[in-house]
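Notes follow the structure.
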Amino acid sequence: MELNTLKSTFINNFGKEPNSLFFSPGRINLIGEHIDYNGGFVFPCPITLGTFAAASLRDDRICRAYSLNFESLGVIEFSLDDLSYKKEDNWTNYLKGVLKVLIEKGYKIDKGIDLVINGNLPNGAGLSSSASLEMLIVKILDTFFSLNISKVDAALIGKEVENTYIGVNSGIMDQFAISLGEKDKAILLDCNSLYYEYVPLNLGDNSIIIMNTNKRRELADSKYNERRKECDDSLDTLKKYTNISSLCELTSLEFETYKDKIEDSNKLRRCVHAISENERVKDAVKALKENNLELFGQLMNQSHISLRDDYEVTGKELDTLAENAWKQPGVLGARMTGAGFGGCAIAIVNNAHVDEFIKNVGQAYKDAIGYEASFYVASIGNGPTEL
């Protein structure tokens, strides 16, 4: 259905059939939260929700773009000769940013495109709708102009667009998880070295349920910066006593030796989270390789508790979802995912219990919070593809 709407919208706006259809996923992080900047591992995977596109190559230097998610904006038009950021160009700044970065890197792009997109990722929910769009655009341009961009380079290009063009200080995880995504696999990634490893994620009779608090992450940025500073300060203190360059180089056992050097109790708890979370990621990967989904679920639960009690980034909404999820039959594990303070939580739920799970957790959330959460059943999909 979505593809038919996409095609008909393309024909209505541009008077012809599109050359090609494309899809780019969103992502979740299964475990390994708030440790990418502490030298730790993240463990994301692409999901079957994402951004769809219909696109055609033009024979001039004009780009025309229309989004079914922002219909009131109509068709936004610009030329390859002016790729400067303009606030009024809204979401198409991502298209302009990717074009600008690619052209500056010497890729030959000499014609414009017509583009219609439609995403089914909720905006502002922490499922990486912007990285999904960036990787979609790279895929389209790579296909149309035969640019031969590697998957790792595609991720780095997306990060550069975010950092230098859009002006968001994001890391590499989102673009990497999407660009290198493979069906039924998660990616163990060290964001500093870009070392990565695919880990098969066979969920058997279970699905991933994404639970959206429907609370925008308005606190996330200020608290995120605060947490980073607390970790950086702690690292500076520990460096006086041990030769490390990041918190996650320490094991919990090693940290026991030095923890009395951190006098501030808040900073101490931040360290405890970072170091224990990195160990949980390694344990989670081992559990999956041994097909031990039960242990994997328990580690997810422990991760949420650590983020709630030691890192203090969950908040009432995410806690309500996770804590009610734990009580339901057929649940292997549940935790917040992303930056916290709103956004989404995830649960791994037996397929026979999914409907009951959504009904029970949804009702408990509405009773406690006063408005509804949204639920999405997702599986682990491929990276950006031409359909």
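Placed from the backbone N, Cα and C atoms, the Cβ positions cover glycine too.
Summarising the annotation, Swiss-Prot assigns site 'Transition state stabilizer' to Arg27. Counted within 10 Å of its Cβ, the other Cβ atoms near Arg27 (site 'Transition state stabilizer') come to 32, all protein chains included. Look at Arg27 (site 'Transition state stabilizer'): DSSP puts it in a strand.
Look at Swiss-Prot and you will find Glu33, His34, Ile35, Asp36, Tyr224 tagged as substrate binding site. In the three-state DSSP reading, His34 (substrate binding site) counts as coil. Counting every protein chain shown, the Cβ of His34 (substrate binding site) has 24 other Cβ atoms within 10 Å.
Around Ala125 (ATP binding site), the same-chain residues at least 6 positions away in sequence with a Cβ under 8 Å from its Cβ are Asn212, Gly343, Cys344. Among the features that Swiss-Prot reports, ATP binding site is placed at Ser67, Gly124, Ala125, Gly126, Leu127, Ser128, Ser129, Ser130.
In the three-state DSSP assignment, the secondary structure recorded for Ser130 (ATP binding site) is helix. Swiss-Prot lists Ser130, Glu162 with the feature Mg(2+) binding site.
Sequence annotations record features per position, and here Swiss-Prot assigns active site, proton acceptor to Asp174. Look at Asp174 (active site, proton acceptor): DSSP puts it in a helix. Long-range neighbours of Asp174 (active site, proton acceptor) (same chain, six or more residues apart, CB within less than 8 Å of its CB): Arg27, Pro44, Ser128, Ser130, Ala131, Gly158.
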Inset, instruction - Determine which residues of this chain, when Glu33, His34, Ile35, Asp36, Tyr224 are set aside, have a Cβ within 8 Å of the centroid of the substrate site's Cβ atoms, and list them as they appear in the sequence. - result: Gly32, Tyr37, Asn38, Gly40, Val42, Arg227, Glu277, Ala339
Inset, instruction - Rank the binding-site residues Ile35, Leu127 by the number of other Cβ atoms within 10 Å of each Cβ and report the first-ranked residue. - result: Leu127
Legend entry - DSSP three-state assignment (helix, strand or coil) for Tyr224 (substrate binding site): helix
Legend entry - Those binding-site residues listed as Asp36, Gly126, Tyr224, and which of them has the most Cβ atoms within 10 Å of its own Cβ: Gly126
Inset, instruction - Could you check the binding-site residues Ser67, Ser128, Ser129, Ser130 and say which one's CB has the most other CB atoms within 10 Å? - result: Ser128
Legend entry - Other CB atoms, at most 10 A from the CB of Gly124 (ATP binding site): 16
